[in-house]
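Q: Under the heading substrate binding site, TrEMBL lists K92, Q113, K116, G167, S378. The active site, proton donor feature in TrEMBL is assigned to K128. The site 'Important for catalysis' annotation in TrEMBL covers D168. Residues or ranges marked as NAD(+) binding site by TrEMBL: T211, N242.
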Amino acid sequence: MSPYQRLNKHIQTIEQHYSNMPQFIQAVNEVGDDVARYIQQSEQPHLWRAFTVLTEPDRIIQFRVDWENDNGEFQSNRGYRVQFNNTLGPYKGGLRFTPNTKIDELMFLGFEQTFKNSLTGLPMGGAKGGADFDPKNCSESEIRRFCQAFMTQLAHHIGPDKDIPAGDIGVGTREIGYMFHQYKNIENEFKGILTGKHPTFGGSCIREEATGFGCVYFSEHMLAELGQNLNNKVCCISGAGNVALYTAKKLLQRGAKVITLSDSRGVCYFQDGLTDSDLEKIIEGRQQRKRLSDIDEVNGDYIKDEKPWQYSCDLVFPCATQNEIDGEDAAELIRHQPLAVVEGANMPCSDSALDLFEENDVLVGPSKAVNAGGVAVSGLEISQNRSRLSWEATHVDERLQQIMKQIHEQCKQHGKKGERIDYRQGANIAAFLKLSQALSFTGLLAS
Ligand SMILES: NC(=O)C1=CN([C@@H]2O[C@H](COP(=O)(O)OP(=O)(O)OC[C@H]3O[C@@H](n4cnc5c(N)ncnc54)[C@H](OP(=O)(O)O)[C@@H]3O)[C@@H](O)[C@H]2O)C=CC1
Ligand SMILES: O=C(O)CCC(=O)C(=O)O
């Protein structure tokens, strides 16, 4: 059997074994296509074994989270941590609190995180976790009690040399603060067991902004390859959370025009462009846990049940959630011939959307490269915690810019297809080669 056939057989095994995990299979297939082609073209058959290791999680942890609501009633939720792969360093990746959080989602995110973290060049393995908890329907005290109960269980499984979680959807600086405090209470130790902490107690400057800022830095490198820049570019952003808002902030600083933000209920359209003052109000509203539709006095029109993909724009920044651009949305976007889709969220484009973008020559910046700035600054937070230092914001931002530049370089190096750069292939192969090289020294690849 050729290595290519063995690899395909392995993908089939994954599809059978994890048949109830469509998002995980989607992510594995997406990387697997590029890896299989690379193995065949480079005639390095031994590498297929690395892919089999990298597609099985090291560990899946599930626990019950019991917490008390404001009526004094006990509630139970499911908490998870998928420790996907620690070849390059301690497990690292965010925690997500949404009512729909399930293992499938965390498996795909842990798998992607392993590849993403490898691209940063920092010593971090990949993981993802969370709970099927809905902070939107809870009071602040209930959220705090949930975070404490969640950490009481998670604390058994994490540590500065073991696994260092951070935030993701539904988990921001405030929730990280509640969980960090609980860990201290349990262990009586001030340890860097979470990143995304507030800078007053060990968090890194710029971590909150890092994912969004990093997306924009990456998009600037993509545009530079086309001899263009961000000035006056019309941009559609989805989402109105951490990634979306700091993407918007940096885009405004660069002279771009942002015409949309959105949430799970609709889109806010800014015909004349989002202003700094609109953005400040939205960031403030978010801190008060307000919905986008409830934030008054901004110059945008909120349109219920609509997505941002109907508007003509130069750049598309999906920054909300996975598979938020399906084939139909992609067809709608293509009508306006955008220059690029820059994936701020993890895996925001469905397979059919990606196929359509490729057929129509729309560049796609893949999430594992584009949004790696967040986890990269988390990596810098770990370094600061280890050395008991706090770096200035300008220093962290410079490091972030360097890291995004070198991620773009890796995509370019491994993604060249004639005159064009296939960023997805570039990111997948660069990450795979780094991981497989490290794995080759562990003895696990011996055949
Ligand atoms: N935070 C980080 O540092 C990083 C985040 N990411 C990824 O970026 C994406 C956004 O995360 P983040 O900004 O942190 O999360 P937040 O919780 O801060 O914001 C999420 C935003 O997305 C919207 N949203 C969530 N689900 C849906 C949906 N099904 N349809 C439409 N909109 C939706 C939310 O709207 P609503 O309020 O209505 O639910 C909200 O506006 C995720 O894919 C995450 O994994 C990637 C790298 C790092
Ligand atoms: O900062 C981190 O550790 C997590 C970031 C994250 O969850 C992601 O990159 O998707």
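Backbone N, Cα and C atoms are what each Cβ position is placed from, and that goes for glycine too.
Curation plays no part in TrEMBL annotations; they are all automatic predictions.
Help me picture where these features are in the structure shown.
A: Taking a C-beta cut-off of under 8 Å and a sequence gap of six or more, G167 (substrate binding site) has these contacts in its own chain: G94, L95, T173, E175, I176, G196, N242.
In the shown protein chains, 30 other C-beta atoms lie within 10 A of the C-beta of K128 (active site, proton donor).
Following the DSSP three-state reduction, the secondary structure of D168 (site 'Important for catalysis') is strand. Other C-beta atoms found within 10 angstroms of the C-beta of D168 (site 'Important for catalysis') number 27, with every protein chain shown included.
The Cβ of T211 (NAD(+) binding site) lies under 8 Å from the Cβ of N242, V243, Y246, T247, G344, N371, G373, G374, each of which sits 6+ residues away along the same chain.
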Q: How long is the line from the C-alpha of K128 (active site, proton donor) to the C-alpha of Q113 (substrate binding site), rounded to the nearest angstrom?
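A: So the alpha carbons of K128 (active site, proton donor) and Q113 (substrate binding site) sit roughly 8 Å from each other.
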Q: Which of the recorded positions K92, K116, K128, T211, N242 have a Cβ less than 6 Å from any atom of ligand 1?
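A: Going through K92, K116, K128, T211, N242 in sequence order, those close to ligand 1 turn out to be T211, N242.
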Q: Determine, for the substrate site, the additional residues of the same chain whose CB lies within 8 Å of the mean position of the CB atoms of K92, Q113, K116, G167, S378; present them in sequence order.
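A: Those within range, site residues removed, are G93, G94, N117, M124, G126, A127, K128, A166, T195, G374, V375.
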Q: I'd like to verify something. Among the recorded positions K92, G167, D168, T211, N242, S378, which ones have a C-beta closer than 6 angstroms to some atom of ligand 2?
A: K92, D168, S378
Q: What number of additional C-beta atoms lies within 10 angstroms of the C-beta atom of Q113 (substrate binding site)?
A: 28
Q: Under a criterion of Cβ-Cβ distance under 8 Å and sequence separation of at least 6, what residues of the same chain contact K116 (substrate binding site)?
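A: The list for K116 (substrate binding site) reads G126, S367, K368, A369, N371, A372, V375, A431, given in order along the sequence.
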Q: Between the Cα atoms of S378 (substrate binding site) and D168 (site 'Important for catalysis'), what distance do you get, rounded to the nearest Å?
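A: It is 12 Å, counting Cα to Cα.
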